[in-house]
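Annotated features in TrEMBL:
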type: COMPBIAS; residues: 579-588; note: compositional bias 'Basic and acidic residues'
type: COMPBIAS; residues: 589-599; note: compositional bias 'Polar residues'
type: REGION; residues: 578-606; note: region 'Disordered'
type: TRANSMEM; residues: 13-32; note: transmembrane segment
type: TRANSMEM; residues: 52-72; note: transmembrane segment
type: TRANSMEM; residues: 84-106; note: transmembrane segment
type: TRANSMEM; residues: 127-152; note: transmembrane segment
type: TRANSMEM; residues: 164-184; note: transmembrane segment
type: TRANSMEM; residues: 191-217; note: transmembrane segment
type: TRANSMEM; residues: 237-258; note: transmembrane segment
type: TRANSMEM; residues: 279-304; note: transmembrane segment
type: TRANSMEM; residues: 339-362; note: transmembrane segment
type: TRANSMEM; residues: 382-405; note: transmembrane segment
type: TRANSMEM; residues: 411-433; note: transmembrane segment
type: TRANSMEM; residues: 440-462; note: transmembrane segment
Amino acid sequence: MALNTFVLNVWDYLIIAGLFVFSSTVGLYYAFRDRKQQTSRGYFLGNRNMSIIPVSLSIVVSTLSAITYIGVPSEVYSHGPMFWLMSLSYIIGANMIATGFVPVFYNLDVTSVYEYLDIRFNKHVRYMVIFVECSNIFIYMGIVIYAPALALSTMTGLSPTGSILALGLVCTFYTTIGGIKAVIWTDVLHAALMFSGLLIISVTVCLDMEGGIAEVWRRSKEGQRSQLTEFNLDPTLRYSFWTVIVGGTINILSFAGAKQNLVQRYNSCKSEFQAKMAAFIGFLFVGVVTLAATFTGVTMYAYYAGCDPITTKRVSRPDQLIPLLIVDLFHTVPGLPGLLIVGAFSGSLSSVSSLVNALAAITGQDIVKTIWKDISEERYTLVVKILSAVYGLSAIGVAFIAATLGDVIQAILSFGAIFGAPVLGVFSLGLFCPRANSKGAFVGLLLGVAVGITLKVGSGYFPQSYSAPPLSESECDVITMPTSALAYSWSNTSHTTAINDGISPTLSIEKQRHPVTEIFSVSYLHYNTIDWLVTMVVGLIVSYLSGATDPATLDPKLLSPVVLSVFSCCWPKTGGSKMNDRNQDQHEYNMSVTDNSGGDKNVDIA
């Protein structure tokens, strides 16, 4: 098959440039508008004056990324559409987050979510969790910059260096100067671009086929990719109803229940009710986007059924299928490939800007203010802006490192998921287990991480035994499809990457196994569940062995409303001295900010 080199035209580049210009302009707008009044509270929480819809859309693109845009359709292409069940997990998780997590963090009015751990447990638990989370965030930021940059380079022949620098610098610029308001309002556009990109691809494939959706589904059934659910309780199945619902729910809780970047969004709303609604609507939208990504994967399989690009060496990995499909569908339409590439870039910009702002909040609140207790509000705001710039530039450096790692990227993403579940376990101990103490939380965290790493390493030595649905090239002689520069770029580059959050499509694996090693055969979606359970069980056991916390000494504000509604008679109306001291310090600090900002009533939380 002859190779026809595809190069983006001027319209494509103008659309990509437009995304960068718009994002930068939003940052400049908020930097100029708030130049005389901006405080750290406004920088991180938008003075608690954000509305439900923009916060909801910001939650969507902060939860998703270019990894979702490219990886989920590839997973569905390789393993079938059962991934759609994740959308149900998001709905369940949304209810749990809105009722069990958001009220506590909103009413405590914390800038850094890890302040909660200091109040509930102690500083040792707080800083251990910060270390685990910050390490995870740094790795993740670099990868979500690198993934779409590599996709663009394969379509245009442009070195990934230029794309990495453009993404990283633009993101750093508007996040640093505009703060959380710039991040949230750019997220609104980014969410629309991601969703519309998936829809355009899916609808175009359906319209191109005689029979439309019916033909898409017929080809999926012929390719053994039409099973929508499986109620088998076998935990080694890659996907089943129980695996996806349980594992997916724990996954969304670990990613969004007590994560700094998401808690900042909850706490930027005008009221607790709006914060809860923003969380619920946001994760409902995440479920909708997941459905769209799943359907895109189904249509992509139908488009290539009988002439698989992997088997025919047009691409080397499933992760490269979406860029190839964009070229095959739209190479004759000026500007449209650029618009769809922007969908992937939007996911990266939103994810990284969210995490850069979160890292600045963590460092400022948990480290700078701890060391520099009498820092003025003006100087502190300047410090956190500098921190944002440093973290954004650091993410660019990590992205360049990621470019040299090849297949190791998949392992790093999996480790990121492993770290999230033990951290969720620590917060769960604090919110839902009144008798849990600091020793239990600390030991539970360490063992949860250790078990997670063991599972991941073990699964590498003893891979799961399963058979993926077949791929075929039997009809390639009667199917004519355009060939792009991807065919050359992917087959001749040293860069290979897994950009699907631990999703690793593989073919049939058969290997003699010892019964003990079967623990490593569980679905990757169970890793988070196992890590979370280990953290919780060990944390409770150690807490009781070392002297469990007396619930009467806890301020009710530190416990989830779910717990309080069941055991409302067990706690006094006022909390312990630690909570009271924190409230007094926070009140005095906010009063000083109010005085310095001309009496802005939105700043005072008294």
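Even glycines carry a Cβ here, placed using N, Cα and C.
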Winner by Cβ pairs under 8 Å against the transmembrane segment (52-72), considering only 127-152, 164-184, 279-304, 339-362, 440-462: 279-304
Most Cβ pairs under 8 Å with the transmembrane segment (13-32), selected from 164-184, 191-217, 279-304, 339-362: 164-184
Criterion met for the transmembrane segment (339-362) and the transmembrane segment (382-405) (at least three Cβ pairs under 8 Å): yes
Tertiary contacts of the transmembrane segment (382-405) (same chain, 6+ residues out, Cβ under 8 Å): 40, 43-44, 138-139, 141-143, 145-146, 149-150, 160-161, 164-165, 168-169, 171-173, 175-177, 352, 355-357, 359-361, 363-364, 368, 375, 412, 495
Annotated stretches the transmembrane segment (237-258) and the transmembrane segment (127-152) touching (3 or more Cβ pairs under 8 Å): no
Same-chain residues at least 6 beyond the ends of the transmembrane segment (84-106) whose Cβ lies under 8 Å from its Cβ atoms: 113, 116, 228-229, 239, 241, 244-245, 247-249, 251-253, 256-258, 263, 266-267, 269, 272, 275-277, 279-280, 282-284, 286-288, 290-291, 294, 427, 431-432, 557-562
Spatial neighbours of the transmembrane segment (440-462) far in sequence, C-beta under 8 Å, 6+ residues away: 117, 121, 124-125, 128-129, 132, 411, 414-415, 418-419, 421-423, 425-426, 429-430, 511, 513, 517, 519-522, 524, 527, 530-532, 534-544, 546
